[in-house]
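*Asks:* Just passing along the structure, written as structure tokens.
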Amino acid sequence: MFIKFLHKIFSNRNDRILKKFKKIVSSINQLEEKFKKLSDKKLQENTGIFRLRLKKGECLDDLLPESFATVREASRRVFNMRHFDVQILGGIVLNKQCIAEMRTGEGKTLTSTLPAYLNALTGRGVHIVTMNDYLAERDAKNNTPLFEFLGLTVGLNLPEMSFIDKKKAYLCDITYGTNNEYGFDYLRDNMIFSAEERVQRELNYALIDEVDSILIDEARTPLIISGPSEDSSFLYKEINKLVPSLICQKKEDSDKFHGNGHFSIDEKSKQIYLTERGLVEVEKILLDRKLMKKEESLYSSNNIILMHHVISALRAHNLFTRNIDYLVKDNNIIIVDEHTGRTMPGRRWSDGLHQAIEAKENVTVRNENQTLASITFQNYFRLYKKIAGMTGTAATESFEFSSIYNLDTVIIPPNKPMIRKDLSDLVYMTEEEKINAILKDIKNCIKKNQPVLVGTISIEKSEMISKKLKILNIKHNVLNAKFHAREAEIIAQAGKPKSVTIATNMAGRGTDIVLGGSLESQLEKNMYLDKIETIKRNWKKQHDLVVLSGGLHIIGTERHESRRIDNQLRGRSGRQGDSGSSRFYLSMEDSLMRIFASDKIISMMRKLGLSLNEAIEHPWVTKAIENAQKKVENRNFDIRKQLLEYDDVCNEQRRVIYAQRNKLIDSENIQQNIYDILKDVLHSIIKTHLNFDFPKNTRNILDLENKLSIEFNLNISIKDWLKKDHDIKKENIIKKIIDIAKKNYLNKEIQIGFHNIRMIEKSIMLKTLDSLWKEHLSAMDYLRQGIHLRGYAQKDPKQEYKRESFNMFSNMLELLKYEVISFLSKLDISYIKSNLHLNMNNNSSIVNNDIKMGRNTPCFCKSGKKYKYCHGSL
């Protein structure tokens with residue numbers, strides 16, 4: 001009832017918005033005949049006219065009707081494709097900084113050309129964001145003729161490109177790329193050492209395809225650029241050996257710390273806890289292996305790292321499964337995206353988990369990496385002046401889009417009514433019964449020439465069903481992370497009669513399934529004119545045969561954690577008014593039901609006494625499934641919200657550091673900054689030492705003289721000054737010391753040269769800033785990991801985190817000033833003068849991406865230098 005009530009409210013609001021926007025669609029339609037009469041040249045001249053009008057003070061909304069009419073007419077001439085009214089409606093929504101929910105097959109790619117063109121007129125750039133490189137290349141290639149016809153430039157941003165090519169891509173009016181690459185480029189731009197290396201310009205307008213996958217599903221995983229840390233591979237291998245001897249606590253033991261097992265598993269939060277018995281056992285094993293001293297415990301400060309390794313090893317063995325969470329290929333652990341089923345080469349889990357899994361699978365254990373720069377997608381996309389997004393499934397997440405990103409969700413009606421039949425779920429007691437029912441359904445579809453798409457949640461499940469089909473001699477295609485290269489080809493032909501396609505997490509695949517198979521792909525393989533008509537006739541027969549059979553049939557092998565992912569799978573059928581059907585098969589052994597469904601429901605089903613292979617359709621069970629999904633959705637939303645709350649603290653500090661960095665890089669002369677810092681640092685040090693019992697406390701005076709000599713190369717005798725003038729004030733002493741320091745520094749400047757000293761100042765300032773920021777991020781990680789313990793002291797962990805991180809950040813900024821002045825004060829003039837011919841930037845320090853780099857490999861920053869001579873030198 002509550003959901004229906006919400007839907008009613010949302011629908012009414014949605015209808016009001018659509019009614020308002022439909023008036024704009026009408027005004028665009030009225031311009032259609034006028035624009036059809038324009039010559040190509042006149043139509044193309046509109047771009048220049050629109051830009052001139054913007055310069056004269058008009059806004060984008062003023063230009064929207066004419067600009068959209070221009071794009072529609074240009075598309076008709078270039079592609080022979082006219083934007084439908086619903087696509088125009090979608091374009092208006094996207095320009096209004098909203099999320100447009102458009103069903104699969106409604107032409108989101110063509111819709112995106114409308115707001116992309118309009119916002120590109122400002123000259124500040126448009127970033128079109130896709131889920132993967134294939135989609136970025138495909139969409140850029142497909143839409144470039146249209147944009148170039150209208151006088152706009154189009155760029156493509158790919159991972160393997162040099163920073164010069166990336167810079168060219170970002171300077172284009174419209175740039176295509178993936179969310180990962182845009183985010184990493186932002187981080188890399190804040191690790192450069194000269195303005196010429198910066199690739200991005202201002203973040204103006206981001207148009208995000210599959211926006212729910214990017215802003216919600218991937219929001220829990222931050223982008224991280226990291227560098228190599230100390231070698232601890234031996235420890236991972238040793239700890240891995242003790243895991244088989246530890247026993248997992250039985251589920252019925254409610255007390256996770258005092259049960260009979262050695263450790264307990266919380267599957268909901270993916271965490272593992274050692275029991276008291278487990279703690280004793282682990283300590284005994286570590287003592288036997290001489291990894292821990294006798295007088296120490298596992299929880300002592302010296303052994304925190306050991307405890308971390310033990311928990312990581314237990315998580316690797318009990319919470320992460322081969323061919324579900326990761327693949328083992330070429331002596332590497334390759335992560336599988338839990339939302340899309342795609343592999344993510346080069347990406348590594350943090351906190352030692354990746355190394356623990358490497359030890360578990362007996363592949364080479366690579367060094368841990370230290371975070372050098374990181375940002376979440378939530379905070380990255382909030383940097384844009386304007387963002388919008390498209391997806392086939394957004395309504396269920398409308399609250400999150402609104403509360404976190406300030407984005408309203410608008411449901412765009414389909415161009416043709418949706419006639420797909422969504423059949424009720426069938427629930428079985430066991431996994432085996434469920435699989436038998438699925439196989440029976442597949443055989444029935446084949447008998448009536450109906451194509452079938454079977455959606456699974458893991459590679460393991462897809463391969464298991466594939467084996468069953470092979471035994472039955474049923475031809476089929478498997479689409480999962482292992483066969484990524486054939487993805488587009490498999491999907492293109494998934495609508496052929498009798499075709500059976502098994503797909504792991506269909507979300508974000510980006511290719512429509514056409515009933516009868518893809519005509520375009522068949523024509524591409526046969527370009528002979530005499531064969532084209534035959535191919536078209538054969539395709540028409542196949543298309544009609546599939547329509548007659550009921551269209552594409554979707555089989556869900558189990559419910560996903562999110563209803564939205566289920567809807568994405570269903571949405572593969574019934575595109576553009578096509579016929580189709582869908583059904584989900586479930587069992588009480590499914591992970592969703594096992595972890596989140598209540599014990600009462602499971603007990604009730606057992607008492608029903610179902611016979612073998614008998615399914616149940618009961619309101620209670622249906623309600624239990626919905627409640628289970630809501631539990632997971634709410635939990636995941638809380639995790640994302642908490643991640644954002646913590647990252648917001650770091651984000652404010654990140655903004656300060658990056659703003660300071662960019663200001664430094666863009667400045668040719670920071671002499672005044674150095675003098676100001678010099679004054680602040682010396683004033684603070686002198687005041688601290690001379691604050692107590694001056695001038696009687698000779699010990700403090702001696703300490704000050706030593707510090708000034710050692711840290712700042714200032715050989716000053718304050719005692720002599722006091723002998724000459726007994727009444728000298730502290731303020732006068734401070735002024736005299738600062739004046740001497742400035743004079744000494746000015747002498748260095750004269751000897752080294754004005755231009756050279758400016759280069760040195762800039763280089764030292766940047767290197768010191770990066771070094772301290774790296775250490776600060778590491779300290780923040782440690783603080784974050786243990787801050788929850790403050791709750792036991794009746795303190796709010798979030799407030800404690802904010803307070804401590806602020807203090808840490810303030811201390812870091814003070815230390816930055818101190819180290820810069822100390823370093824500059826101790827410059828070896830003779831050494832510098834003899835090495836002025838060397839490029840100062842050779843010692844610049846940035847580090848590699850999540851992909852671990854060798855010392856002699858080309859540097860991560862794409863400068864062309866070896867890593868050890870560029871970003872790896874810090």
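Cβ from N, Cα, C; glycine included.
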*Asks:* Just to be sure I read the record right: Gly105, Glu106, Gly107, Lys108, Thr109, Asp512 are listed as binding ATP in Swiss-Prot. Which of Gln87, Gln493 is listed for the same site?
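*Replies:* The record-listed residue among the candidates is Gln87.
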*Asks:* Where does Lys108 (ATP binding site) sit by DSSP, helix, strand or coil?
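*Replies:* DSSP call for Lys108 (ATP binding site): helix.
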*Asks:* Under 8 Å between C-beta atoms and at least six apart in sequence, can you list the same-chain neighbours of Gly105 (ATP binding site), or say none if there are none?
*Replies:* Asp512, Arg575, Gln576, Asp578
*Asks:* Restricting to the record's ATP-binding residues (Gln87, Gly105, Glu106, Gly107, Lys108, Thr109, Asp512), give me the longest CA-CA distance in Å as a whole number.
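*Replies:* With Gln87, Gly105, Glu106, Gly107, Lys108, Thr109, Asp512 as the binding residues for ATP, the largest Cα distance is 17 Å.
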*Asks:* Out of Gln87, Thr109, give me whichever of these binding-site residues has the highest number of other Cβ atoms within 10 Å.
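*Replies:* The residue with the densest Cβ neighbourhood is Gln87.
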*Asks:* If you count other Cβ atoms within 10 Å of each one's Cβ, which of the binding-site residues Glu106, Asp512 has the most?
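*Replies:* Comparing the binding-site residues Glu106, Asp512, the most crowded Cβ belongs to Glu106.
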*Asks:* Near the Cβ of Gly107 (ATP binding site), how many other Cβ atoms are there if near means within 10 Å?
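*Replies:* Other Cβ atoms found within 10 Å: 19.
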*Asks:* Please list, in sequence order, the residues in the chain of Lys108 (ATP binding site) that are at least six apart in sequence and whose C-beta is under 8 Å away from its C-beta.
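*Replies:* Within the chain, Lys108 (ATP binding site) has Cβ neighbours under 8 Å at Gly90, Ala100, Met102, Asp209, Met390.
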